[in-house]
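Here's the structure we're looking at; comments come further down.
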Amino acid sequence: MSRRILAALAGQPNCGKSTVFNMLTGARQHVANFPGVTVEKKSGHFKLGGRTCELVDLPGAYSISSYSPEERVTRDFLLFDHPRVVVNVIDASNLRRHLCLTVELLELESNVVVHCNMMDVATRRGQVLDADILSQRLGVPVSTGIGRTGQGREQLAAVMTTAMDQPAKEEAFRVDYGPLEPHIKAVEDVLAEGGDLGAPRRWLAVRLLENDEGARQFVAEVFFDPVRLSRLVAEHQEAFRESAGETVAAFAALARRRLARSLAQAATVKSAGPEKTRTDAIDDLVCHKYLGPLVLIGVLFILYQVSIVWGYKLTNYTWPLLAGLKTFVAGFLPPAGMLEDPMLRSLGLWFMDSVNSLLNYIPIFFLLFFCVAFLEDTGYMPRMAFILDRLFRSYGLHGQSTLPMVLAGVYLGGCCVPGVMACKAIPDDKSRLATILIIPLMNCLAKVPLYILLVGAFFPGDASAAMFFISTVTLFMALPIARLLSSTLLSSLDSAPFIMEMPPYHLPTLRNLFTRAIEKVALFVQKIITVVAAVAIIIFVLLQFPGISREHKAAYQARLDASRSQLDAAVAGSRFQAVLAGDGLLGFLRYEEAYKAARAGVEDAAAAKAIDTRFREENPDYFAILKPRADAVAKAALAGVKAFAQSRDSISIEMRRERLETSFLGILGRALEPVTQFAGFNWRVNAGLLSAFAAKESAVATMGAIYKLEAGGTDNQSLEASMRQGEADFTPLHALALMLFMALYPPCMATSMMIKVQTGQAKWMVLAILYPMVLGIIVASAVFTGGRLLGLDGNTAMWSFYGLAVAATIVAGLIPHRTPVTLPVTAVAGEEAAQNA
Amino acid sequence: MDEDATKDRTHLGAIAPGERCTVARVGCDGCLGQRLGDLGLVPGEEVMVVRNAPLRDPIEIKVSGFLVSLRRCEASLVEVVAR
Ligand SMILES: Nc1nc2c(ncn2[C@@H]2O[C@H](COP(=O)(O)OP(=O)(O)OP(=O)(O)O)[C@@H](O)[C@H]2O)c(=O)[nH]1
């Protein structure tokens, strides 16, 4: 038998399923999504009794109803993929709750084996459990172990091997539903007319009576007369409600939970004492009224420091590697031309630059994901949500929105991609989307260069105050916007109740943390890089085409030819005439560049000598020009070449400028001027902002390129200076409007893609791109035109705006929410009391 | 139902931190009811309110030895008998 055996791991959240998964499969695993949903599907394989077993890690689910995507995914997998064995991982220290899922799995008539994990925790708490009794009562094999240390792996593997070849049991596990039984029987009898439906009949009958959406859809597809069936089910539901006084759903769930409770009681030899657990002690500090928030700030600060600050430092070491990669690729591209590079070369280099600018973030991401995995595995996340939920709820967000916002850069410097990825943890659709949509407004690292440029150029006196302004004002813009979005566009989405387990604290294993961090980085690379590469090409086209007209090109060429003939005249008759003739000149220029590159950074005299020797051997004639020493003829040749190179550079800069001005991007920038003039943006700024869409760093690069050109191409002038010079009529008010627009800038390509991945729908991505643009232009225009009309200077406008944003935040927080109508129990109790009186 | 029992009946949101109570009824169906039950809020179960969050909402409770947090509006749907 060489066919693969399919097995699944099922369990409630925090039972240590991922740890058991890693324990069984080792490092060989594959992460994807379940079809159609954003729930992660992890699978791996390992050898089991001489055969290959493919193990799928199902998402953590409390039960098998149809209320959450995790539950639906679990149910569908068990129903449709028919795993040979289902390993139900349970937390040995909390049998009562975890056995609820076991009962449901058994009702589904899966081939279950139960694995009691966290035995060490149970022992520490003084609990003793009897696996044999549990096994007897459940009628399935039970193994025990400690996932953290890998103890119990053999036992589990052995149990799985035996279970695999066991024939299906004749007598399936039954929950005794007491007064509901006759109704179940009636529905079962009708279902029996449909023959084999592909799901256990009794399970279907119970679920139908419970009004379970998934079961209803299932029979609608496989049963020949769903109409009659649903009428019958409705009748029985009604009959039961009348006789029992409660709904089938409530009754059946309670029956299962009671059974789980009695099973747990039977299997528990000794239960935990009432003494305080370690978790209680930690919580006393971490959730404390005053200390809790302080701890939270501390944790967030460390997270920021480690991942963003240290990660950024780490990029200093990885950047040379990426630069090396680019050089390596450049080696395969056609060589540089005299005036213009061949298209393939400029495209290749552009492409590498774009991809590198993203790959550059990998160290940051790795550290970030590592820290986040640490916080998740220890169990701190729910505490964070606990502390901040009240505050965030006022804005339609969720306690769990904290982490994504911190990652994306609540203060200065973050990255929206991991921010959006972290939104996954938010259990509530509405607040998750609200969070995802405001994430791009945070201050990601890539926005910072533009801030620094503008602050340096236009607010030199109070740079730190201006920096403080822009780094904090974004939060005061994001919160009211979140409030607005959640009460308008998002108001129709489901908002899930906030009921959250606060799992016991665990010390995570390094191995888990590494696997998780690597998994996420890999996901990033897979999903993002391809798209970014595609967009890089589009932007390239926008920047390069339609290109310079043929006449203009000819004119540039003529100018170049003129300086060439000067050079020719200078070397005429000398021994270098032949050397520099034809392609010889271009050859020399490349040679010179290669030499400079080789000598760059080499300080050791012997090494320098070696390079010189190598270059001399390669081409003695070129070398003679390059290092003329006392040779007057060579000196003249070098001077001639230098003069030529200078005029070539200025011609090519002019060409680049013309190409940019006449490019689609330049045309677009001009076309937008009528709108953007109210915000004080001219076409150059527009072009810079447009190119920022691929990656925000490009804004500064593009503008830098434009200003340098306008300033006459002197390289040694600082960008601040050339910007001030290039935009002589720019005032701090212009800069303020531009900074605010940047703060509200649409998400970059990578983030947009991540938004699509996380929301599963392109429309949210489009919204996330469009609304900041509209909002940005409105805010920037209001500040610029408003400030102008009121005669405000940059500083006054800045702090007035700050005041407004803070006020908007306070007001938005105070407006009460329209909460969904749920009757509080007290009212019902009151009615009952009134009836009784 | 006698007078005393009715008087003691209240909802989980009204229990002060540090006090214990027993779940009498979960007054909601569907997703919310399911979740509450999943996390152990089942009739007959003993619950202790551990603490309020720093901003008073949500609250943290202990059910069968484990900690759960929920917002006050959800807690108010759980009918309990105070000890
Ligand atoms: N003490 C102890 N800790 C464990 C054991 N197994 C897992 N853990 C820890 O429990 C925490 C949660 O484990 P995970 O494997 O991530 O749990 P999970 O069930 O996959 O959680 P979800 O991904 O939320 O469904 C981690 O910090 C683990 O290191 C165990 O047997 N003993």
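Backbone N, Cα and C define each Cβ position, glycine as well.
Bear in mind that the values here come from a model prediction, so they are computed numbers and not experimental data.
As recorded in TrEMBL, the features of this protein are as follows:
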type: BINDING; residues: A:11-18, A:36-40, A:57-60, A:117-120; note: GTP binding site
type: BINDING; residues: A:Asn22; note: Mg(2+) 1 binding site
type: BINDING; residues: A:Thr25, A:Gly26; note: Mg(2+) 2 binding site
type: DOMAIN; residues: A:4-166; note: domain 'FeoB-type G'
type: TRANSMEM; residues: A:290-311; note: transmembrane segment
type: TRANSMEM; residues: A:317-337; note: transmembrane segment
type: TRANSMEM; residues: A:358-375; note: transmembrane segment
type: TRANSMEM; residues: A:402-421; note: transmembrane segment
type: TRANSMEM; residues: A:433-459; note: transmembrane segment
type: TRANSMEM; residues: A:465-485; note: transmembrane segment
type: TRANSMEM; residues: A:521-543; note: transmembrane segment
type: TRANSMEM; residues: A:733-752; note: transmembrane segment
type: TRANSMEM; residues: A:764-784; note: transmembrane segment
type: TRANSMEM; residues: A:796-815; note: transmembrane segment
## Note on the structure
Sorting the binding-site residues A:Asn14, A:Pro59, A:Met118 by sequence and keeping only those with a Cβ under 6 Å from ligand 1 gives A:Asn14, A:Met118
## Note on the structure
Residues outside the transmembrane segment (A:402-421) whose C-beta sits under 8 Å from one of its C-beta atoms, at least 6 past its ends, are 296, 300, 303-304, 307-308, 312, 361, 364-365, 368-369, 372, 375, 381, 384-385, 388, 392, 435-436, 438-440, 442-445, 447-448, 467, 471-472, 474-475, 478, 520, 523-524, 528, 747-748, 750-751, 754-755, 758
#### Entry: Touch test for the transmembrane segment (A:317-337) and the transmembrane segment (A:290-311), at least 3 Cβ pairs under 8 Å
no
### Query
By a simple count, how many Cβ atoms lie within 10 Å of the Cβ of A:Gly11 (GTP binding site), its own Cβ left out?
30
### Task
Inside 10 Å of the Cβ of A:Lys17 (GTP binding site), count up the other Cβ atoms and send me the figure.
26
### Query
Considering pairs 6 or more residues apart, do the transmembrane segment (A:764-784) and the transmembrane segment (A:358-375) have at least three CB pairs under 8 Å?
no
### Query
Taking contact to mean three or more C-beta pairs under 8 angstroms, with sequence separation of 6 or more, is the transmembrane segment (A:433-459) in contact with the transmembrane segment (A:733-752)?
yes
### Summary
CA pair A:Gly11 (GTP binding site) / A:Gly26 (Mg(2+) 2 binding site), Å rounded to integer, equals 19
### Query
Under an 8 Å Cβ to Cβ limit, what residues of the same chain, 6 or more beyond the ends of the transmembrane segment (A:521-543), are close to it?
31, 346-347, 350-351, 354-355, 358-359, 362, 365-366, 369, 417, 421, 659-660, 663-665, 668, 690-691, 693-695, 749-750, 753-754, 757
### Query
Short question: which residues 6 or more past the ends of the transmembrane segment (A:358-375) have a Cβ under 8 Å from it?
299, 303, 306-308, 310-312, 314-315, 317-319, 322, 381, 384, 403, 407, 415, 417-418, 422, 445, 508, 512-514, 516-518, 520-521, 524-525, 528-529, 532, 695, 750
### Task
Residue list, the transmembrane segment (A:290-311) vs rest of chain: Cβ under 8 Å, 6 or more residues beyond ends.
363-368, 370-372, 375, 380, 383-384, 387-388, 402, 406-407, 409, 411, 413-414, 445
